[in-house]
Ligand code: 13P
Ligand code: SF4
């Protein structure tokens, strides 16, 4: 069976839209109607008139799409595609933490569960985090969760003193500083660009720090330069497609793996076959309890409003 052809046929027949993150495998990015970062994907999910949203990403992303579209069918090719960062913030413990600091505004990075979003005042992504934090009056104390690395980067950039949750992404914490130094010795004229989920010592080496879309745009604007890319390696697919003549090398991971880069095994759980199956069967579907949607929608809408 020609999976690509069949997915396209089913998509038309069922009025479905395929939204994919830059960390998805190349074949999925190539068949998607839209490929983007977390903010772009939420914006597309908010404005779609499709009946079915096929979310080629991880669970919290599909949940966000469902919160924005409670009456639509939202499917995720592999329902086990989770996120270490979202898992590092369990709702009960987080509720206790926020209750211990009732005067704090709660800003949560979109990489968290719907339950955590329901406990938040406003959501942010890596592309609007600085703007969202700066929108809070200076005298108001802030809780930022769940990513401590992004949180530390925001504190450094804005000068705000925020209370941070102790969460992190296993993929962005897997970069090896020693190997990065070695690689840079081999490619001394390459600039390092990094995602703010990376640890501070990695960020300190970077010429540019930003979201996945931000990194792609930076490379686009500097196509004559060469880059070492410190984020999940799936992003190289889009970069190489759009900038075929730009030389790119993925930042090395601590553990040796097949690509010597950092890969998110959650993102890579989705395959073309699973995408076809979920579109055909309209399963596995994402369900979010109504009382959670009621509380999680406003913090997401606030973010979308501030990001226009
Ligand atoms: P962005 O694409 O929003 O930069 O997020 C990266 C990420 O880790 C998604 O899981
Ligand atoms: Fe989560 Fe990290 Fe994978 Fe993104 S790359 S989905 S933050 S584990």
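Glycine residues also receive a Cβ, built from the backbone N, Cα and C atoms like all the rest.
When TrEMBL records 21, 38, 109, 110, 111, 126, 195, 196, 197 as binding iminosuccinate, the matching candidate from 140, 158, 212 it lists for that site is 212.
Together with 83, 169, TrEMBL lists one candidate of 264, 278 for binding [4Fe-4S] cluster, that being 264. Within 10 Å of residue 169 ([4Fe-4S] cluster binding site), judged by CA to CA distance, lie the following binding-site residues from the set 21, 109, 195, 197: 197.
Proximity of the binding-site residues (21, 83, 111, 169, 264) to ligand 2: a Cβ under 6 Å from the molecule is found for 83, 111, 169, 264. Maximum C-alpha to C-alpha distance over the listed iminosuccinate-binding residues 21, 38, 109, 110, 111, 126, 195, 196, 197, 212 is 17 Å. Apart from 83, 169, 264, the [4Fe-4S] cluster site neighbourhood in this chain, defined by C-beta within 8 angstroms of the site C-beta centre, holds 58, 84, 85, 86, 111, 170, 171, 172, 197, 232, 266, 267.
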